[in-house]
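First comes the structure, then the notes that go with it.
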């Protein structure tokens, strides 16, 4: 390892889907490394064996591969500082925990669950934050050996002082100082022999040469304890980059426990991976310009972690949808058509020109999953209310809509060469003859051929795709519906 090289890591737990916050952490860590031609590592933190979910590891690998966040070292490709799975490094943590015990920076704790529960209840009844009372830190060497020999279950705890202060520097939040009296003697090694996240991440970050640690701001409160571990070992502290939380709104955090969208959920809703990644990059960071559309390569060039905000970032679904539309419009018609085809299945079964439908949708689509509801009227005219014919801006009502359709019907019947251009020319000639505004005729025709308030494209384009026979049939249905409505 090059001592001057920036090394970052993404260290997820295989506990389910890839949450938006986790993906942002991976992206920022990747960008920080690649901006300086550094190394980006993948490490799997599976010390909490009970929370592991089958298939979660595949989700991690697939998400990183799909988004182009490629790691230089990791469990699947190896590297000089492996293993890269924490459960395979158990012996390392035990060794380093023993070093802390020898230094007086950690101790064995034999307290039962009942005693710990009682301590917690006492703290709650007094309205104080729960903190272990150092009961086992006073055990003699003989008592400890006796308990170990008897096979009494134990954990290993960090031995934090009660007096003085500890501070740490964060690249985003600056210098943060805490009273040592507030620091709990956190568990380093659990009773099952596995390390806690809090201990393993410090040991691994040092042994793997991590120079910049990217994580959520919820870990700010644990950082003084991490610093005390670094100091106890005599290790250099990496640069801390704590990112602001991603909020659902001004009151609540985006959370997978509350069922908020994961990366997989967003893909299933029809969002594009590049749009998602671009949007996530802007949740807490901005380039200092009004520019908003960035490829991954653009981000590598522009990303500066010093521009990450302290303030929480709001996950704005409308903004993501807008950005997704921008990405869709960057596709060629052929590329968009390929993406749209699966969404036509089951909705369009008749022999329509699907490429022409894609042409209408291309610049009007923001979300791929909305395609079915935009095109379902092609196969079958939906049941619709005559109220659709009434449009304030177009100045249409039942009576003038009926008149327009009755005048348009013979004009449409007379067209031999059925295409958008001829339909357009014929109807525009009619409008000229009638000396009315375009909307007076076009709105009723569009309503009659689609049965919908919103359509991809106007009356002419829809009529061409439907074909002459189906268009005439639908206009006649519209005439009958309006007559019945007026004569009621």
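Just so you know, glycine gets a Cβ as well, placed from its N, Cα and C.
Beyond the motif ''HIGH' region' (12-22), the same-chain residues lying 6 or more positions past its ends with a Cβ under 8 Å from any Cβ of the stretch are 44-46, 48, 51-53, 56-57, 59-60, 63, 197, 216, 245-246, 254-256, 260-266, 280, 283, 315. Summarising the annotation, Swiss-Prot assigns motif ''HIGH' region' to 12-22 and lists sequence analysis as the type of evidence.
Long-range Cβ contacts of residue 136 (Zn(2+) binding site) within its own chain (separation 6+, distance under 8 Å): 107, 108, 109, 110, 111, 157. Marked as Zn(2+) binding site by Swiss-Prot: 109, 111, 136, 138.
Taken from Swiss-Prot, the feature motif ''KMSKS' region' applies to 253-257, supported by sequence analysis.
Residues or ranges marked as ATP binding site in Swiss-Prot (evidence: sequence analysis): 256.
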Taking DSSP helix as H, G and I and strand as E and B, the motif ''HIGH' region' (12-22) has 3 helix, 1 strand, 7 coil
Excluding its own, the Cβ atoms lying within 10 Å of the Cβ of residue 138 (Zn(2+) binding site) add up to 8
Given the Zn(2+) site 109, 111, 136, 138, its other Cβ neighbours within 8 Å of the Cβ centroid, in chain order, are 107, 108, 110, 132, 134, 135, 137, 139, 157
